[in-house]
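*Asks:* The structure under discussion is supplied below as structure tokens; questions concerning it will follow.
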């Protein structure tokens, strides 16, 4: 059991546990079940940009079942880009959407005003403050996925392909000390490495706060994925009927202080650190959603109102937590050096989001892309404080925007 204070913030494990268990978790779990947040549009066919495709996982549990068009709320299909107001989704657009043959047929349901807004948002997505590589929602390969029907769990995906993904993340895209333990190479005789293996690092010295934060975020994300897979593990399959559940032995092997030579607790502390970063982002972005112009629009007015009320309630809880990570201490040196470091920080993380297109298991890729985009959205929020504070009350702002994809990713990543 973890106890004590986390590094780089004045916060203790026990306070986070109590706050999450009694205030945040029950509400965030309800929010994830609502239509606006359960449908995520993703392109699982984007090619790996870094090395030749070495094949997709053929295990049936790696498969992601796309959502039939009839199951996706008509408001989400009609307004996946324009989420500000139901007024933008008039009756003709809804009729057109119901007759559409493809889930990705977004353009035909957009008004001219919506199209102009979409261009503005796309332009912003490509700006210097963007931390993630986003899928093109207009691509015919982009499909809606019901996250509740495609849970994150261990699928059996392992071997060289999985090893290469995390090796590239840590070795080429993560700030770290020069002296590191190399991961076990699955190409070596007798080695089998699962998708959720870990790297072992020597304790770092001399790394600045920003680089420590970056490494902790990636390590925390990795720990989060490992925990989900250990908690929802294929225990046995009898007569074609799988039984999923917690694999305590696997969890112990990856996090027990004795078996990991003291490394396991640090991995888990990095997960708490990741939680604090995303919690801070939620508290900072509250003014964006508190405006009347922002609707969580699905077409069901009653549910939309309840979803927004629940989200605002969660924001109030995040603000009540008194031990947030202070991001203002980051990039606070001389302006030129701070700007250069921030850009390096952003590019490293953007590259990691692109590496997720190299994951061979579709289900692993889905959840890797979603959680990476969620964290990227959190970072985008934390470094856009001035833009958020100056948002107009009654109209979309060109200075700071969140797409529906980013909103869904942010909430679900924090929920994980």
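Residue numbering: from 1, along the chain as shown.
Keep in mind that glycine also has a Cβ here, set from the backbone N, Cα and C atoms.
Pasting the feature list from TrEMBL:
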type: ACT_SITE; residues: 361; note: active site, nucleophile
type: ACT_SITE; residues: 364; note: active site
type: BINDING; residues: 153, 155, 166, 219, 222, 254; note: FAD binding site
type: DISULFID; residues: 57-62; note: disulfide bond
type: DISULFID; residues: 361-364; note: disulfide bond
type: TRANSMEM; residues: 192-209; note: transmembrane segment
*Asks:* Residue 361 (active site, nucleophile): which of the recorded positions 62, 153, 155, 166, 222 is the nearest Cα neighbour?
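*Replies:* Closest recorded candidate to residue 361 (active site, nucleophile) by Cα: 62.
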*Asks:* Hey, which of the binding-site residues 155, 219 is the loneliest by Cβ count within 10 Å?
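*Replies:* Counting other Cβ atoms within 10 Å of each of the binding-site residues 155, 219, the minimum falls on 155.
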*Asks:* Residue 62 (disulfide bond): which of the recorded positions 155, 166, 219, 222, 254, 364 have a C-alpha within 10 angstroms of it?
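*Replies:* Within 10 Å Cα-Cα: 155, 364.
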*Asks:* Of the binding-site residues 155, 166, 222, 254, which sits closest to the residue listed as 'active site' by Cα distance?
*Replies:* 155
